[in-house]
Amino acid sequence: MSRSPDKLALPPPPPPPPSRTVVVALSGSSKSKYVVTWAIEKFATEGNVGFKLLHIHPMITSVPTPMGNAIPISEVRDDVVTAYRQEILWQSEEMLKPYTKLFVRRKVAVEVLVIESDNVAAAIAEEVTRDSIDRIVIGGSSRSFFSRKADICSVISALMPNFCTVYVVSKGKLSCVRPSDSDGNATIREDGSERTNSSSGSSGPTSDSSDVMSSAHDSQSRPLSLPVRRMQHFPAIAGQASVPMETSSVGSDETRCMSLDAEEARDVSSINRSSTDTTSRWTPRRRDYEERKEAMSSSSSNREYGNFGTRFSWSGMGVDTTHSRASQQASNMSDALSEQSYTDNQVNLNFEVEKLRAELRHVQEMYAVAQTETFDASRKLGELNQRRLEEAIKLEELKLKEYEARELAEKEKQNFEKARRDAESMRERAEREIAQRREAERKSARDTKEKEKLEGTLGSPQLQYQHFAWEEIMAATSSFSEELKIGMGAYGAVYKCNLHHTTAVVKVLQSAENQLSKQFQQELEILSKIRHPHLVLLLGACPEQGALVYEYMENGSLEDRLFQVNNSPPLPWFERFRIAWEVAAALVFLHKSKPKPIIHRDLKPANILLDHNFVSKVGDVGLSTMVQVDPLSTKFTIYKQTSPVGTLCYIDPEYQRTGRISSKSDIYSFGMILLQLLTAKPAIALTHFVESAMDSNDEFLKILDQKAGNWPIEETRELAALALCCTELRGKDRPDLKDQILPALENLKKVAEKARNSFSGVSTQPPTHFICPLLKDVMNEPCVAADGYTYDRHAIEEWLKEHNTSPMTDSPLHSKNLLPNYTLYTAIMEWRSTR
């Protein structure tokens with residue numbers, strides 16, 4: 001009863017191990033790829049063949065240091081030496097990876113072996129002998145026709161065991177082959193041609209003789225550029241005597257692996273053509289010798305002989321040979337070897353003659369080159385003589401010009417004397433002017449010292465603000481009562497309070513987020529160091545709780561006034577012109593601040609506050625950034641890779657696209673504010689709306705805020721055009737704030753002041769920040785005290801003579817130093833000049 005076969009499929013058996021292994025020795029140079037490619041094409045098609053990539057690197061005797069020196073390994077810790085060896089091994093494996101991939105793509109088994117040795121040839125020979133490798137492929141070096149020094153491939157071939165065939169590859173082609181002694185026939189292929197070398201002995205019963213021949217060949221050279229002739233030993237015929245046989249070889253160990261690439265093949269072919277006569281003389285002898293050798297080989301295949309016997313028998317016949325016949329055969333073989341030795345010596349002589357002829361041709365070529373160079377030198381000498389004549393002509397022309405120049409110099413000398421007399425009279429007048437300027441210079445020096453002192457104080461890293469206790473703020477805001485809450489900012493609520501008998505505003509940041517803490521530090525750092533009439537004044541802070549105390553602005557924000565929140569009266573057009581100039585002046589101050597410019601980054605009508613006299617001040621600098629100036633640009637450009645920060649419709653499009661922030665970003669926001677001052681409309685699509693109306697005066701008048709009064713059409717169109725230039729998409733197309741925008745707004749401000757004076761019918765009242773808190777009048781010499789408030793110098797000095805506290809906060813003053821407020825002084829002077 002038969003059983004059905006098992007339906008379960010057995011896993012495929014593992015691939016059998018390679019039956020033969022081919023070693024490919026690589027140096028890691030750019031030519032190693034050709035060696036690997038040749039080995040794959042040659043042996044991968046034979047079937048179950050494995051490959052072993054062999055690389056030799058020098059022995060590690062020292063470890064390099066970062067200073068470029070080397071320390072012997074005997075003076076280094078073992079773990080450092082081990083790590084360095086692993087690093088060298090890893091580098092070798094990484095170097096061999098591209099060659100390994102060539103085998104993987106051909107789906108051929110490959111093994112990588114890295115050996116550490118100072119003797120490359122000996123290491124390769126030892127590896128081949130230990131694993132009994134019968135085939136090895138090495139790369140051949142490029143050699144000159146006149147080179148007589150043995151290269152590395154010759155040394156490797158000489159050290160290889162007899163059972164291993166050595167293939168030398170040069171330029172992607174087989175250069176030469178050193179066959180093993182076990183090969184019956186050795187075929188060398190050179191650019192499509194074949195040369196077959198047959199051993200004179202036969203296989204079969206003459207294996208002992210072949211072993212003896214192998215030992216003889218181990219000490220003889222094998223010139224692979226000529227056909228290889230190998231002879232086997234024959235045993236002694238009579239008594240204990242034997243006939244010694246030596247293999248004739250052409251060349252020495254140094255020419256053992258002579259390269260047969262394309263160039264050298266042409267040289268050898270020329271040698272063969274030049275030695276045709278010589279070859280014709282020994283060709284018949286060689287043919288006769290080959291016939292006799294073949295007869296001897298056929299007869300020796302039927303012999304049987306002992307270790308040292310003096311007779312032998314023919315197989316199949318049983319006939320004993322006599323001593324005379326053995327002597328005759330030995331004599332014939334001796335004649336054949338002598339004739340062959342003569343023939344080989346003749347070939348070597350012809351080869352050396354051709355070398356000398358090639359050297360002679362080289363010398364002749366060098367002589368021709370020397371003749372050419374001599375001719376060129378003669379030609380150049382003629383050119384130099386011609387140039388010398390031309391230079392002589394130019395020299396004569398220069399002499400003529402020199403004479404003319406002397407005459408001209410004489411005339412100039414006369415003119416100089418006249419000018420000198422005029423200068424004497426001017427010097428006398430200048431001395432009188434110097435006497436008049438000395439007093440002005442003394443005053444200027446005093447002002448410069450005070451300014452330097454102010455700059456040093458403002459540039460100090462110490463924060464200059466009033467420190468309020470958290471309990472004081474809690475009490476002033478009635479524990480942050482909702483009744484005192486006047487607004488909600490992007491980062492916290494805003495409360496109105498009364499601190500130290502002063503109406504103020506407290507802004508408390510939500511400290512739960514790290515970003516808010518960073519925003520608080522930025523705002524505190526900037527506001528504590530700057531003072532400007534059109535920047536919101538920082539009265540103090542409570543850093544522990546993230547609270548900032550500002551001056552109170554009675555008329556709220558510009559946004560509330562433009563959109564008439566809580567039925568507030570509209571701003572007349574001349575007030576809007578003035579506000580535009582004040583905001584621009586504040587931006588110029590921020591952008592030109594030292595040592596680092598300040599970019600606001602969130603400029604909008606909601607962040608522009610108005611006091612009781614409608615004087616505008618820029619606030620909410622929480623998003624401001626102090627940045628470094630690009631030293632390669634005259635107009636500073638700041639690169640700050642960050643996500644866009646600010647308010648939609650006011651953010652610079654270039655900043656949104658590239659993340660690069662600069663002063664041009666604030667100019668874009670300022671342009672949007674100018675458009676809103678003109679139209680009192682939301683910022684969305686406002687630029688397109690105004691551009692469409694600029695072509696017609698009627699359309700332009702329709703888009704203006706009619707509640708602002710009768711706009712002067714020419715000045716208003718000028719302001720609208722300036723606003724559109726500020727809102728260009730590319731920053732480089734926008735005007736400069738200090739050199740272009742501010743001068744234009746100053747002209748418009750003068751027009752607005754004239755209109756305001758005529759509208760009110762009375763003289764302009766001074767802004768509140770021009771008023772000294774002590775004198776209740778306009779300050780003549782404003783100075784900043786240690787409490788952060790500005791006073792008239794004479795009034796505060798009189799106060800400090802009797803008090804050590806602040807007139808505004810009643811808190812102790814840590815210093816009685818006064819800093820001149822030059823910015824406010826300039827504003828007061830301008831205000832007085834317009835009255």
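FYI, residue positions are counted from 1 along the chain as it appears here.
The backbone N, Cα and C atoms fix where each Cβ goes, glycine too.
Keep in mind that what you see is a predicted model, and the values were worked out from it rather than measured.
According to Swiss-Prot, the protein has these features:
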ACT_SITE  ASP602  active site, proton acceptor
BINDING   ILE486, GLY487, MET488, GLY489, ALA490, TYR491, GLY492, ALA493, VAL494, LYS507  ATP binding site
COILED    340-459  coiled coil
COMPBIAS  10-19  compositional bias 'Pro residues'
COMPBIAS  195-218  compositional bias 'Low complexity'
COMPBIAS  269-282  compositional bias 'Polar residues'
COMPBIAS  285-295  compositional bias 'Basic and acidic residues'
COMPBIAS  410-455  compositional bias 'Basic and acidic residues'
DOMAIN    480-745  domain 'Protein kinase'
REGION    1-22  region 'Disordered'
REGION    177-303  region 'Disordered'
REGION    410-457  region 'Disordered'
Local confidence of the coiled coil (340-459) - pLDDT mean: 86
Mind checking how the region 'Disordered' (410-457) divides into helix, strand and coil residues in DSSP? 48 helix, 0 strand, 0 coil
Neighbour count check, CB within 10 A, over binding-site residues ILE486, MET488, VAL494; minimum at MET488
Surrounding CB atoms that lie within 10 Å of the CB of GLY492 (ATP binding site), all protein chains: 20
By the DSSP assignment reduced to helix, strand and coil, which category contains the residue listed as 'active site, proton acceptor'? coil
Distance between the residue listed as 'active site, proton acceptor' and VAL494 (ATP binding site) at the Cα atoms, whole Å? 18
